[in-house]
Amino acid sequence: YVAAVYEHESILSPAPAAWVERRSALELMGRNLDVYEQQVMAAARQGAQIIVFPEDGIHGFNFTRSSIYPYLDFVPHSHSGKWNPCREPYLFSDTEVVQRLSCMALKNKIFLVANLGTKQPCGRSDPRCPADGRYQFNTNVALGADGTLLATYRKHNLYFEYALDTPPEPDYAFFDTPFAGKFGMFTCFDILFFEPAVNLIRQYNLKQIVYPAAWMNQLPLLSAVEFQQAFATAFNVNILAANIHHPTLGMTGSGIYTPVKSFIYHNMESYGGKLIVAEIPVITTDYKTNLEKTPGRVSGKGKEQSPPSFYAEMMYDNFTFVPVWGEKGELQVCANTLCCYLNYQRPVLTDELYALGVFDGLHTVHGTYYVQACALVKCGGLSFSTCGQEVTDATALIDFQLWGNMSTPYIFPLLLTSGITLDFADHMGWKNNYYFLSKNRTSFGLLTAALYGRWYEKD
């Protein structure tokens with residue numbers, strides 16, 4: 001099928017914390033919706049059957065609970081698929097934004113997924129009802145090619161969004177399409193948690209995901225395109241990921257991903273939005289990687305001559321590292337119950353320092369979640385203290401096998417190369433309680449090769 005995602009540079013309110021009237025809020029949102037309309041037309045002309053827009057793209061961010069209120073639409077939260085906002089605008093009030101989205105879908109005969117702020121009144125009988133008598137949600141809507149509201153999803157894992165509420169129960173949102181079956185839906189930070197993302201995919205055996213995000217890149221392990229790709233690979237799904245474009249805030253990185261190929265956009269230099277349109281296969285069956293072909297073994301060799309280990313901070317976590325020296329070797333580094341192993345060859349030695357790092361613990365900065373990670377990274381400089389820094393360029397081509405005795409089945413294989421480009425492993429998967437990732441000759445210099453494990457039970 002042909003899919004489109006749009007990385008949008010939103011027109012932001014100059015003073016998001018100031019209260020404005022609904023009319024002014026609609027005027028600002030209207031300017032973003034004008035851009036959406038042009039992009040929907042462009043995507044439809046290129047044959048796209050579905051288009052996805054980013055999180056916060058219509059209203060922006062940095063609001064307070066009261067200042068966001070004029071920007072919120074009322075969208076009934078039900079999976080009835082009975083309401084067509086474009087054709088029945090009179091059914092509910094304060095639905096101007098969703099009406100426009102619905103009309104775009106209808107006019108261009110395209111499935112459309114967008115993110116907006118929504119409100120839902122509540123009363124004293126609801127013990128969870130906020131003091132101001134309403135819920136405020138970060139909401140995705142999916143609209144059919146006839147403009148019908150097919151599904152809504154209210155973001156569950158809020159990322160410092162103090163103006164908004166977490167829904168009382170996780171939403172498991174999906175909608176059906178004639179061209180690719182069911183699509184599941186979740187938002188940004190949700191991708192790192194079991195609820196509802198992983199549960200949704202497992203429970204409903206979903207193979208296509210739409211994913212609006214406003215993601216701030218964090219290298220070396222959580223750049224948007226890097227993690228989106230890893231997620232598609234780990235769960236064997238297609239992901240249509242639309243991120244917002246604000247390079248000054250470190251926000252860029254969208255794409256259309258299959259488990260074996262990706263069409264991405266990552267641009268920290270220029271301004272303006274970017275439409276990606278790509279044709280991808282519908283995934284219908286469970287694709288199992290052939291683990292038997294995986295070379296490599298866990299050998300005791302190389303432990304004696306492992307170079308000195310050292311500590312350095314990476315992603316705000318205290319990693320234990322060993323330097324990757326010389327043109328080839330076998331290394332191991334351990335922390336808690338996790339041991340990481342690396343066999344490597346560097347056909348051409350460059351004056352770049354690489355290190356193999358391990359972390360097995362609770363990550364507590366910008367969110368709390370348990371990580372088990374084995375990571376081969378390029379350091380920021382030549383001293384040990386620079387390992388774990390954000391690096392975007394590298395020249396070294398390294399052939400490697402990386403493996404670890406991970407305690408969780410949820411492993412995201414990361415393979416990031418120079419200039420924030422993606423590569424794909426030759427082999428990966430489980431063998432005898434070890435998870436492997438191997439690659440001979442990346443296309444560009446290696447930035448990160450990692451097994452990023454999420455041990456959800458220990459969150």
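If you go along the chain as it appears here, the first residue is 1 and each next one adds 1.
Glycine is treated like the rest: Cβ placed from N, Cα and C.
TrEMBL labels come from automatic prediction, so no person has curated them.
Annotated features, as they stand in TrEMBL:
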type     : residues : note
ACT_SITE : E55      : active site, proton acceptor
ACT_SITE : K155     : active site, proton donor
ACT_SITE : C188     : active site, nucleophile
DOMAIN   : 15-282   : domain 'CN hydrolase'
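On a Cα basis, C188 (active site, nucleophile) lies 7 Å away from the residue listed as 'active site, proton acceptor'. Distance noted between the C-alpha atoms of K155 (active site, proton donor) and C188 (active site, nucleophile) is 8 Å. All chains included, 25 other C-beta atoms sit within 10 angstroms of the C-beta of the residue listed as 'active site, proton donor'. In this model, the domain 'CN hydrolase' (15-282) carries an average pLDDT of 97.
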